[in-house]
Amino acid sequence: MYQKRQGNKNLTNIMLLLIIMLIYKLALELGFWFLLSKAYGGLGVYRYDFNLGKYLLGFIWCFLLFAMIRHDIRKPSVFFLELEYFMAIIPITVIFAFSNENVLYYTAICSGFAVAEIIVWLGRDIVIPKINLASKAIIIAFYFITIIVYITIVLQNGMFSLKALDIYEVYSVRSEFHLNKYVGYLFNWQYTIITPFFIVRAIDRKKYLTAIAFCGMQFLAYLYAAQKNILFVIPLVVGIAIVSNLRSFNTLAFCGLSLGTALVTALGFKLNFFYQLYDLFVRRVLILSANLKFIYYDYFSTHTLIGLAGTLWGKFLGIDFPYEERIGIIISTEYFNKPEMNSNTGFWAEGYYRFGLFGILLVGIIFALLILVIDEFAKWNGYSFALGISFFAIFTLNDGGIIDSIIFGPLTVLIFLCLFYNKGDDFKKLRMKTEYSKI
């Protein structure tokens, strides 16, 4: 009887999530076609060319890919598949149909995501051996890196200012910030993995002042570097670490995303404040990122693919970078005549501009293996602990690369943490005992 009730509850949640997906997709479509066209219709940033056949094909892919996720299982891999589905696949589907984009490239992305879903399903029972002797060493190393990074930031950039809080000063602050190459690598590890780890660890231990202190350090890093991703870590990581304890967290999270998108889109037609919110989140995070993936395809379908160039392994193998500028700057210059935009997009585009259509399948496989490793981490340390630490690193893949990051980048640190850290082997919490506690 209990299993039957649980099965009915799971089915209800899945149907609710399906309805949420349809509302979300419709909101993105209406916003792109009617709201954004008013501001961007004649600027050449987006193409408005609806294709009914591609719309129907996109619908089929959306239903198929939705059905291939095991929504009833509470694992980080399931949540991250759902996150990628909502943050990348659905917006890409909208642009595919409403901008009449390339069907081969779209099919390759959907196939790559389907491969990731299959690998996660097949790998659900894989057990990765856990080495518990390194937990204390990891904590010491993370503190050591933190000290090096922040001391170097101050020595090379002087006292911080509040200019980064002024939206019109962000680019100037960003251009003035500098670190030497090796500390620059550590800085990337710091704000993506190490500081989120310390925040979640402190919350898990109920050391809230320590958590606030590390949030303050993250905010300080933003004041120096003026990168919005650094600032987003604080609410995202803290929120995930606290709220993900709820059993219905996945449904609530994507319900909030869907209804929030629909509400901001609807009110954006009438109220400027909500249009600004729409422009800040829906357009920049979802629509622009999806549109850039097709722009990357358009450019690299007729230009040289870069392979492993630009990565550490590429340097070891003597592979020269085939372009004079970074790819984001090239795209911004060629398509928008604004090199300062530095138009980066997610790992699906990275797969293509490195290895072509095969690269799209490759990054899908890497993504699946990565989130399976996080599943193992969750077995030892808990669902919320694993999700809180890894969320930001996975979230940023919508605008960043996975191949470069996994080769001695932040994802290398995340994988190392997942394989070798066990909070049961961590330093024990200090407990203050006094005679008053007995009264």
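Keep in mind that glycine also has a Cβ here, set from the backbone N, Cα and C atoms.
Annotations in TrEMBL come from automatic prediction, not curation.
Under the heading transmembrane segment, TrEMBL lists 12-35, 55-71, 78-98, 104-122, 134-155, 182-200, 221-243, 249-273, 294-313, 351-373, 380-397, 403-422.
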Ranked first among 55-71, 134-155, 294-313 for CB pairs under 8 angstroms with the transmembrane segment (351-373):
294-313
Are there residues at least six beyond either end of the transmembrane segment (249-273) with Cβ under 8 Å to its Cβ atoms? List them, or say none.
13, 16-17, 20-21, 23-24, 26-28, 30-31, 34-35, 71, 74, 78-79, 82, 86, 243, 281-282, 286
Do any residues of this chain, six or more beyond the ends of the transmembrane segment (294-313), have a C-beta under 8 angstroms from a C-beta of it, and if so which?
92, 95-96, 99, 101-102, 105, 319-323, 327, 330-331, 334-335, 343, 345, 349, 352-356, 359, 403-404, 407-408
Any chance the transmembrane segment (134-155) and the transmembrane segment (182-200) are in contact, meaning at least three CB pairs closer than 8 A with a sequence separation of 6+?
yes
Using a Cβ cut-off under 8 Å, which residues of the same chain at least 6 positions beyond either end of the transmembrane segment (12-35) come close to it?
46, 48, 50, 62, 66, 71-72, 82, 85-86, 90-91, 93-95, 98, 248, 250-251, 254-255, 257-259, 261-262, 265-266, 268-269, 275, 278, 282-283, 286-287
Can you tell me which parts of the same chain pack against the transmembrane segment (380-397), counting only residues 6+ beyond its ends and a CB-CB cutoff under 8 A?
74-76, 79-80, 83-84, 87, 130, 192-193, 196-197, 199-200, 203-204, 229, 232-233, 236-237, 240-241, 244-245, 346-347, 367, 370-371, 374, 405, 410-411, 414, 417-418, 421-424
Tertiary contacts of the transmembrane segment (182-200), as residues 6+ beyond its ends and Cβ separation under 8 Å:
142, 145-146, 148-149, 152-153, 210-211, 214-215, 217-218, 221, 225, 229-230, 233-234, 237-238, 241, 385, 388-389, 391-393, 396, 408-410, 413-414, 417
Please indicate, using numbers and ranges, the residues of the same chain that are 6 or more beyond the transmembrane segment (104-122) and have a C-beta under 8 Å from a C-beta there.
54, 57-58, 61, 64-65, 68-70, 77-78, 81, 84-85, 89, 92-93, 96, 293-294, 297, 348, 351-352, 357, 360-361, 363-365, 367-369, 371-372
